[in-house]
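Remarks on the structure that follows.
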Amino acid sequence: MEFILAILAGTIVTIMNVFNGQLSNQVGVYLSTVIIHLVGLFTLIIIMIIKKQKISFQNHIPLILYTGGMIGVFTVFCNVMSISTIGAALVTALGLLGQMLTSLVLEYKGWLGAKKRTLTFQKVISLVLVMIGIGVMIL
Amino acid sequence: MIAILCATCAGVTIVLSRSVNGYLSQKIGAYQSTFFNYFTGFLMSSIFLILFGFVNLKGFQFDILMRQPTLLIGGMIGVFNILILNITVPKISPVQLTLITFVAQLLSGVVIDYCIYDIFSIQKLIGCLIVIVGLIAYQLSDE
């Protein structure tokens, strides 16, 4: 089940990027980021009203856990700053490299709720295979 | 060099944001954590707009959005993406999630390129297949 959800998450990102790319072309990257978040906020509030969900801020949770959205904005700007210099293909490949390294650290240390797992030789080999695959893609 | 670092950082922030949101959703639920994701993201992007993008705002025609409401669909899709991820993150290893979403994104990208933009790249498809083999090998070595 969670594998199907993960596939779905990846697929809709592609569709989202097509629409958001058009928006960004029309109004520029800074304004488009604001619009995307505002539209998202309204969409979510409608869904929450339908689902009868309430919003409440809880003090006992560390503030740092509320920063996911802020970090997400930096993703957009990092992409924008690099894409014009090194091109879309390399940005995608390096982006995956960054994702892999961060995921490995989270998994190895068991941070942010990730189940702690050890890094074995076979895992390293399979990740090298992944990197070769990415190399082929950007050829 | 700065561009290479920036592109890698983009990947780092994707996983961090996703994991922080997933962790928060375990504590306060998927809907609430998605709400705070959009709320803080909206504040942050507004700050960036005021700092760097204010010049572009002059002469901006808001009726573009009225004439082409499809431009807003991306923002709506994003909500479903975050909601799905908030359910998925606690159940799956970060490495696997990264690889599966990546493969799904690439394959759907190949399909969209072919259907809409009429581009087909054989390297992308072959590279993608190699990544899938690597993903399966990773999955098997985990058990």
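Even glycines carry a Cβ here, placed using N, Cα and C.
Note that the structure is a prediction, hence the values are computed from the model and not measured.
Same-chain neighbours of the transmembrane segment (B:35-57): 17, 21, 24, 79, 82, counting only residues six or more beyond its ends whose CB sits under 8 Å from a CB of the stretch. Per TrEMBL, the feature transmembrane segment maps to B:35-57 (among others).
The transmembrane segment annotation in TrEMBL covers B:69-89 (among others).
TrEMBL lists B:95-117 (among others) with the feature transmembrane segment.
Below 8 angstroms of C-beta separation, residues 95-96, 99-100, 102-103, 106-107, 109-110 of the same chain, each at least six residues beyond the ends of the transmembrane segment (B:124-141), sit close to that stretch. Summarising the annotation, TrEMBL assigns transmembrane segment to B:124-141 (among others).
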Beyond the flanks of the transmembrane segment (B:69-89) by at least 6 residues, Cβ under 8 Å:
18-19, 21-23, 25, 30-31, 33-34, 37-38, 97
